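The next block holds one structure in the form of structure tokens; read it before the comments.
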């Protein structure tokens, strides 16, 4: 199941400010000259991409589409950053790929580009690829990349080297007897892998660390965090085990959804997680809040062994979540669970004393899923058909037709521009009885787990046999019509595909002994 990344759009309403250090005087001066300088961003394409990745030990690549508004906004900042970094030692190279160009689409597929702009850091000839998670303005890009190009883990030689560990952020430190051996090698490997997410350090002096103990049994990995236990240790140096330890330890046991900007990084991590999510929403400013909080935290401890992440949200700060899930304030206090299959379970007007029992019913599989859906339209006569959550599977997967479906938001400017184009394409194809162009308001309806909707508009093309492809083609009516005509299945092709699919289980099912 793909991550339900629409959840992340809930956080766009938050005032998430990615702060960056002020530009140095020489960088500011260089920025003033940027407009007159030659383009510093490399233009890559299918023919030169591999050579460029192999040539540059460190390169940031932007996958963009010419029609993408966010890409257009990023372009001048990206170019300015490239010029500011052009003389950096070691070299920091910025490049771009038009992922909408037909010949470059295999590159976009290879590197799992699912939205625009997508930025990825390529290190060591492409052996290490990471998502870029830094700011989107020039000075912020520069400072972030300078940090990324240095060592993945810094040695802590003296107490003053460790003062940064108390800055209220998450830090990971490896404590060793010597900087060699399997444990140290594995630690550095993980630091390189996760360097875009966390700061790593290493030392042979445990007493240099805050709350340190010179007698600590080494080697170990110590994670510093500004919540819960404040310090947690692990002695398992298997890379996979270490990664799981860091992931589990770097988010509060209960994430708080309020207006405090210090909580925003944890919210992003929470909503990006694949794990089931339990969310209690209520008014933080009313009297019962403390009793609910106490009961909820008690439930979290009781179910601590379960694979679920917990959140408590203030109604005032959580309006995006309410709108996304089709909830109303008069339903609060409420608990909402979204599981790994995108199914949702709702308990409205919950009482503090009911929280544990309701969660137990969820874990025991006794609850009925809740689905947000607009009513199925009584009349649906326009060229572009309106689809809702309650009938999307019937229209898209069970209609035996070729369906181009748009996931849109009513407030989205790009969606508004696309609407008349889809109308024109649908009108052109009205005589094609095996073709449907449809749309669904993804803010008013739950998006099925089969679709990965990261932004608006998102379009998918689904054939009668069930083949599902993210549409990344042109945005004119003619281009859409041409794409559908070239890629649609005939009744015969769909039947053949269905027959082949039906035969697969029999061909692959292992022989079983029957008693």
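Just so it is clear, glycine is given a Cβ too, placed from its N, Cα and C backbone atoms.
Annotation source Swiss-Prot lists signal peptide at 1-25, citing similarity to another entry.
The average pLDDT computed over the domain 'Thioredoxin 1' (26-150) stands at 87. Residues or ranges marked as domain 'Thioredoxin 1' by Swiss-Prot on the basis of sequence analysis: 26-150.
If you draw a 10 Å sphere around the CB of residue 68 (active site, nucleophile), it holds 18 other CB atoms from the protein chains shown. DSSP classifies residue 68 (active site, nucleophile) as coil under the three-state reduction. Marked as active site, nucleophile by Swiss-Prot: 68 (among others).
Annotated disulfide bond per Swiss-Prot: 68-71 (among others), in sequence order, evidence recorded as sequence analysis.
Among the features that Swiss-Prot reports, site 'Contributes to redox potential value' is placed at 69 (among others).
Look at Swiss-Prot and you will find 70 (among others) tagged as site 'Contributes to redox potential value', backed by similarity to another entry. All protein chains considered, the CB of residue 70 (site 'Contributes to redox potential value') has 15 other CB atoms within 10 Å.
Annotation source Swiss-Prot lists active site, nucleophile at 71 (among others). Counting every protein chain shown, the Cβ of residue 71 (disulfide bond) has 21 other Cβ atoms within 10 Å.
As annotated by Swiss-Prot, site 'Lowers pKa of C-terminal Cys of first active site' applies to 136, with the evidence given as similarity to another entry.
Under 8 Å, Cβ to Cβ, and six or more positions away along its own chain, residue 412 (active site, nucleophile) finds 456, 457. Residues or ranges marked as active site, nucleophile by Swiss-Prot: 412 (among others).
Under the heading disulfide bond, Swiss-Prot lists 412-415 (among others).
For residue 413 (site 'Contributes to redox potential value'), the same-chain residues lying six or more positions away in sequence with a CB closer than 8 A to its CB are 69. As annotated by Swiss-Prot, site 'Contributes to redox potential value' applies to 413 (among others).
Here Swiss-Prot flags 414 (among others) as site 'Contributes to redox potential value'. The Cβ of residue 414 (site 'Contributes to redox potential value') has 67, 69, 456, 457 as same-chain neighbours under 8 Å, each 6 or more residues away in sequence.
A C-beta separation below 8 Å, combined with a sequence spacing of at least six in one chain, links residue 415 (disulfide bond) to 406, 408, 409, 456, 457. In the three-state DSSP scheme, residue 415 (disulfide bond) is classed as helix. Per Swiss-Prot, active site, nucleophile is recorded for 415 (among others).
Neighbour list (residue 475 (site 'Lowers pKa of C-terminal Cys of second active site'), Cβ cut-off 8 Å, at least 6 residues apart, same chain): 67, 418, 421. Look at residue 475 (site 'Lowers pKa of C-terminal Cys of second active site'): DSSP puts it in coil. Taken from Swiss-Prot, the feature site 'Lowers pKa of C-terminal Cys of second active site' covers 475, and the record attributes it to similarity to another entry.
Under the heading region 'Disordered', Swiss-Prot lists 494-515.
Annotation source Swiss-Prot lists compositional bias 'Low complexity' at 494-509.
Taken residue by residue with DSSP, residue 136 (site 'Lowers pKa of C-terminal Cys of first active site') is part of neither helix nor strand, so it is coil.
Reported as a whole number, the C-alpha separation between residue 71 (disulfide bond) and residue 136 (site 'Lowers pKa of C-terminal Cys of first active site') equals 10 Å. Across the structure, residue 136 (site 'Lowers pKa of C-terminal Cys of first active site') and residue 70 (site 'Contributes to redox potential value') are spaced 10 Å apart at their Cα atoms.
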